[in-house]
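Undergrad: Provided herewith is a single structure, encoded as structure tokens, for subsequent inquiry.
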Amino acid sequence: MYYYRYENAEINCCYKYLMFSYNIIFWGVLMDLTQVTRVHGFDPVWLVLAVGGITFVLGFAGCVGALRENICLLKFFSGVIGLIFFLELTAAVLVVVFQSQVRAWINEFFLANIKGYRDDIDLQNLIDSVQRMNACCGAQTPQDWNQNVYFSCDENNRSREKCGVPFSCCIQDPADLVMNTQCGYDVRRNQSEWSKHIYTKGCIAALEDWLPRNLYTVAIVFVVISLLQMVGIYLARNLIADIEKVKFSY
């Protein structure tokens, strides 16, 4: 029996375990996204299931593919990551080209979430954070809160919050050590007093003002995410090449 020695016919352990570590981090990041998708502008059940399913499948394919040196799983992983990267680029281009349609969609999305403000504590905290951070109230105006059953000025509404807005719409006095959560009660009954007590700018306009000021930050985040995806593809393709080199050398 003859034995042959093949140079470089071995799998690079560095690629193998870097690929595994990359997937653990990638898995954790995607799991965090399920918290972001729990909003009423989408069907939260189906969206969370979709994100969770993608997270599990990609994490499984990447981790098992790396540890078991499975070419099919690694090709699947790199292919899906490449598809996600392509979809991100496509979405970025569409946002630039169809700005007016995107603005209308975001407005409808925000209004849908205003209606469900009291139905989900996570959603409530998200909207409050957006309004406080951007010094805004409602989608276009504070009057958008009339679409919520608790804040509506409808004569049949018996809520104590009738004709009011959430406390996150209130202009806070820096001297106040304790936040007054009832500051928005009845505030919409007298529109001439709005500017004294609450933010009058809508959150859509506030976000439009925010983007140009933070364009470089957004660009850096997009580039970093893109680089991470390309690193995943690079590690997967190099590991595949090493496995195929060993496989065909015997």
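One is the number of the first residue shown, and numbering goes on along the chain from there.
Note that Cβ sites are derived from N, Cα and C of the backbone, with glycine treated the same way.
Below, the features straight out of TrEMBL:
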DISULFID  Cys136-Cys169  disulfide bond
DISULFID  Cys137-Cys153  disulfide bond
TRANSMEM  12-30  transmembrane segment
TRANSMEM  45-67  transmembrane segment
TRANSMEM  74-98  transmembrane segment
TRANSMEM  215-236  transmembrane segment
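Just tell me what is around each of these and how deep it sits.
TA: With a cut-off of 8 Å between CB atoms and residues at least 6 apart in sequence, the same chain places Val130, Cys169, Tyr199, Lys201, Gly202, Cys203, Ala205, Ala206 near Cys136 (disulfide bond), listed in sequence order.
Cβ neighbour count for Cys137 (disulfide bond) (all protein chains, 10 Å cutoff from its Cβ): 29.
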Undergrad: By a 10 A CB contact count over all chains shown, which of the disulfide-bonded residues listed here is most packed: Cys153, Cys169?
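TA: Within the set of disulfide-bonded residues, the most crowded position is Cys169.
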Undergrad: Residues sitting near the transmembrane segment (74-98): Cβ under 8 Å, six or more positions beyond its termini, same chain?
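TA: Result: 19, 23, 54, 57-58, 61-62, 65-66, 222, 225-226, 229-230, 232-233, 236-237, 239-240, 243.
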